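Enquirer: Have a look at this one before I ask anything.
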């Protein structure tokens, strides 16, 4: 087994595909904030230029996570763990939304599952972890990687990785300063200490998984993996179930009632997808199918979110339509690339 240091320092990117890798990294850099803010409906179409600023944090984080994981061959469990760490960094350190009810225009976290003694919202923490881990990081990576016909590989060399890292740090610092300028709020040392400890724990778990080369052996004698279109339907249904819980449970059980329901649903979803991924025939196209199903869920959720945007209803809905169409076109192009790649040399993917 190769050591961590050897896998980390090696740069296996072929010279002939270096520019292609850079273009894919740039695509991921822009696609992550587009999905995380505009497809979701958090930002109106009139603020589309803001994607360039958000990309320094969203896109920088997504590219860094993707490149580190592909260099260390950690697989998708590591992407998920680092995506969760990213979620806490964004909403706990940069935006500080997890500690500042004023960020959402609230007088307090009452009704959002406040955590006694920490001054934070468990409900917002759960939502941030889900939205950023799944849709801001994992989905953009799964979709943009579908455009690469080769097996998962690094797209950037070490200089490029250093540049992205610098952009990410500067972007996070700038957005943190903007947050403070607007709200004049800083989390307490205890709050930040708890958050940093959680981030460190997630990163440590990711390192441990990467070192163990977490991929379990495929069940060569079991049932074959479902067809990609069926995997996409399952991912669409599972993610739709999550949002159904978020929308339907609070009126009956409150914010605290949402948390166990989400925990059970997410655990069951992960078990199902993990079992699929261990079956013979699971490929990069199946990984893309999961990302496609999840992204399509965000498209319809964006229309629900339109009512809360600070623009007129017609403008909000127009933005949802435009962003939804762009997302679907990207999926169609990626699906075409995957079909051609599968026709050439079907290759298994690590999930």
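Every residue gets a Cβ built from N, Cα and C, even glycine.
Positions annotated as transmembrane segment by TrEMBL: 21-41, 47-65, 159-178, 190-209, 229-249, 255-274, 286-303, 315-335.
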Enquirer: Assess whether the transmembrane segment (229-249) lies in contact with the transmembrane segment (47-65), where contact requires at least three Cβ pairs under 8 Å among residues 6 or more apart in sequence.
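Expert: Touching, no - the transmembrane segment (229-249) and the transmembrane segment (47-65) miss the threshold of 3 or more Cβ pairs under 8 Å.
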Enquirer: Which listed range (159-178, 190-209, 286-303) shows the maximal number of Cβ pairs under 8 Å with respect to the transmembrane segment (315-335)?
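Expert: When the Cβ pairs under 8 Å are tallied, 286-303 comes out ahead.
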